[in-house]
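Features of the protein shown, as given by Swiss-Prot:
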- 1-37: region 'Disordered' (REGION)
- 76-258: domain 'Helicase ATP-binding' (DOMAIN)
- 89, 90, 91, 92, 93, 94, 95, 96: ATP binding site (BINDING)
- 408-576: domain 'Helicase C-terminal' (DOMAIN)
- 600-700: domain 'Dicer dsRNA-binding fold' (DOMAIN)
- 859-980: domain 'PAZ' (DOMAIN)
- 995-1166: domain 'RNase III 1' (DOMAIN)
- 1222-1373: domain 'RNase III 2' (DOMAIN)
- 1355: site 'Important for activity' (SITE)
- 1409-1478: domain 'DRBM' (DOMAIN)
């Protein structure tokens, strides 16, 4: 994966035949696997015994990983299109990739021909063994999007029925089969040469004598006299002939005979081309074992011979047993007898069956067979009575040859099971015996089995074939890691993990040597020749094989120039011969640097090598594709020539350039390179010295995202009062608008709703919670009435006096009476009338006018002896001398008198006078105190002291809990005022400060909306403006200075807005810049997305910082502005003092608020359900506002499509191939394309030359589709999990948008087969991944997270999904419904349950963990670490870089350079893994000087705690990013 979704531009400055004959080559009997088994698909290996052969093979992993692109493959493909070709290439060089390219080309031509009404033709891929039928069929299915079927004799009698073949030809366009199957098919005229369009021969060196390959050519191909009806021939082999010590002339003659037979010409590549493409062979080593003992008879052998030596058919068994005694040891010879008689018995049974059907056979009689069967049973019983025991690792039981093999295998399997080994033997019994031996002596990490040819025992053909296939499958999966194999494994079996091949029995031919060596496919692999000491025959066999291989290489090297591909030396010679005056050149005006045709190749290579790559495996060289074309060169009399397209890696700023037509390929390549360099210079990717400008250009663009930091803070003004209160102020209102406010779940005491009267209609604000003493939430609900209350001067005065009395009695604030300065009025309402208030013609009827008049006329009263005691209950008591002493009276306390001591439970804090209850009730200062003036017989009341708590928007804080725990106290009434405010109304007024604070926050948020001209609800607007901690933007981190009670902060909306901003800017550059590529898209989008750009809008133009809410509720700032304070706290402060508030805001916070507002605009108008363009108009408007760029001028969604101009490639007529693709895609996803060429573009990889179809690659679409899919994923998470924070959302978005998931979806849909690409690495990587992920899905039994555990897929698979989404979006005229439908059908089912462990932990994986375990566990090394430092580079045109290093025993072995330490370390880990994985522990110790002593061996001895500690130590050693 791009690690956990991270992508960073990377600086990769350094990168980091005939076969031996044996029993396996017997003539094979017809197979009896049924048609039903072949056709039916079954699930998983739990029932392997019942799986069909085809289904088993369909899950095999047969790819070889190729680490570089190969230009010779393209040249060979282009040649094979033009003429019949025999490709002579070494094993592991990607011959099958060339065949796939050729098949794709031929099938596209076939589709066009069929569309024209031509007769249907088939392509045949011929192989030499049943195994290879299914293997190659699976390979082709991954690379072709037409039907491919593998056929072998396993289909039995149905192959002799015309209906079978007609059905196969109807549903497939490619048949993979053994040559004998094709011969039989053609013999019965089910197929003819004229009905074929392509014949491919795999391992073509078999085409000789009477081999089926030869019969196809001699009996059928040659007999088609009309050459125009013959199919194209493409043959592949590592060696066209087996040299066998013959002279070079004989080899040339044999090669000519092969060419004649196949009607083809040999083409090969030079060693320099292989070296240039990093084709490496395994390291070869010779293991010499001491001379074997002469053949001898063991004691058991002697006993068997004494008893049964007279039986003539047993004689060969005695000979074989003596041979095993010599080659394998005593134990193997004795063990041989245990199954030798069983084998013989099976053979006799077969003969008896044959006698039943063949009475003319006279060699045997039934009586003779019966007699021999009796002796066989007797001998079997005789052997079984002996206890052979287990072999010991000693010369007594084992031969020196087996002991040497054990030594080498132990080197690889001493610690882990990771190695994969194939041991080649000559005889079937040798493989079986070695398997039995190593079951005992191989150790806990060696898991072995045998791989032998299909035998011919009666009734067992199917089982034997099935067993062979399952064994290979287990070997690929790692359940087996060592195979003892006969020559059946020599040809064609691709096992990428195989890193050790042992020739236990030496090859007998050069082809056997070359083919078996080719099985070692791992990059760190070894090929081991086992030779007997002083055995001249062995030495000569080794020398002859190498000599014959050299003869063959010399033969290839001596081929004429037109048969050799990619000869670098020849190209250099041609370039030197060029004369600059004949071709254009460029001289830079500033520096005088000169670019010529010749130098352009090296300039371009240097540019690519130094260009940052996000993918370590991406090809790091230009690819040149040369096509024949009519020449414009006047010097070419034949007017035939070549045109070249140069293709750069997909991360480069320009991908493709087509040169001019020239008569020579080399000049055509120079032309393309020259034009590319000119374009790079024009766009400033090359500087005046023709060096990359990357160190100046890319960092500036990339750092746009990092241009601001939260650590950089500014001191900004903060608005604390909304403009709403200022409307019509300084006037006396003639009417007021009423808003009723209530708490839906009550308060701590019974309460009365209140009415707020305002000069203008109050906006309808959302409900919000306040928190009661017991932490229960109760929602404040308001309803605004639009019918005003008409006022008289008397009524207005009454309302004003009442409101000011609230401030005086409850909050101890005395304001000057000034109606014109009032912001609002607070009045009680009659609760039972609230429900019908909207139906009232006069809203004044809801007001509690009795209470209002009572308070107006008599704000309070005092106790006197004449007062009734009933009037003292449930009253609000105010201490006129102390603003902190307010009480609710609960009941009389008749058991107490004023002179009694203050009860012990009454809190003493801040009370100086505690002599008695009366003394406690008087709070006058000492000088004015005289408690004797109070009546000494007045009653004592039990009251509830009203706490100082004001911030009801937050839960009760710890410091408040102590006060709230003990509110009961006792007072005498006479020293206090008894307010005429009703107690329930007072209870409501005590939460008024929190209500006013939140109301004002909403109103300020609406002010911000007015400034921005955005229609957003108060709730969302306030959420977008709320920053409740110093580090709100650091999701998942512990909050610093967190302020409770502020409501939801901007984090979630910012997360949503960031996503929509990406969609909108991606879409705008997509439609406005039709000629630019993905690189330029990224730059333009980055400049709009960057925080610095958002800052300029928010700070410079709209001053959005004023409206950001960074402070929680303040006891000082909620009071109304404008009124003159006469008494109370803050008297000395002017209004300007407390209104001029500032706050510190980080630059990133301001930018985040911008994105949050985009998210708010999106959420406000996105209705859900069926999408309409209007849903997103307001969000688009917000993006235009904040992006503030000419690259985004759209104000509503429909503006995007209005700005889109369909490119010519989209509207051009579709070919039959493109229509066929659209039809196939529609079968998987229900959408019919209006423009099939647009769909085709979504499947074209950047490596595919543009000139082949004149359709651009998917890069532009992938750029857009990435953001569209992001939107779909985030909408799903955002609305399904409304309470999850951005950290959780980000972590759970990570698996959704990962390449790993989208790659798995691509395979599940089968769309990997439709991708058109021209890079060998992708063919093998896709094949590897397809087999692995399909196997994981089968094993998962329906679990949707099966894809998490598989390897990282090629990024192109995920790109295809993103490009397809963009394609349907564009084709549908920018209708997001089609994106949503794709998400709902194919993606959403994977994420219905986000609590799966695989998803919860997805984002926490890291490559360094793999490296840590590899070094600590597999190799047992404790002296290693990672480090990073800043360093200068030696590359021209480069500045400083970060070097990340992997040190082993104080020596740096692996490193990576980049402009980010974080990513450089990841790449350094990848580089180390690439070199270390597959090495056996002994070789690691040898290469890297490791002498660490580890406690215990093997996986059982691993201390996981120690390993985990090592991981932590490693991460600690890495340190922070530089």
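Placed from the backbone N, Cα and C atoms, the Cβ positions cover glycine too.
Since the structure is predicted, the reported quantities are computational estimates derived from the model, not experimental observations.
Within 10 Å of the C-beta of residue 96 (ATP binding site) we count 26 further C-beta atoms, all protein chains included.
Over all protein chains present, the Cβ of residue 94 (ATP binding site) has 22 other Cβ atoms lying within 10 Å. Its Cβ placed at the centre, residue 89 (ATP binding site) has 23 other Cβ atoms within 10 Å. Residue 91 (ATP binding site) and residue 1355 (site 'Important for activity') have their C-alpha atoms 27 Å apart, to the nearest angstrom. The binding-site residues listed here (90, 95, 96) include no residue with a Cα within 10 A of the Cα of residue 1355 (site 'Important for activity'). Averaged over the domain 'Helicase C-terminal' (408-576), the predicted model has a pLDDT of 80.
In the three-state DSSP reading, residue 94 (ATP binding site) counts as coil. Shown for the domain 'PAZ' (859-980): DSSP residue counts in helix, strand and coil, namely 23 helix, 24 strand, 75 coil.
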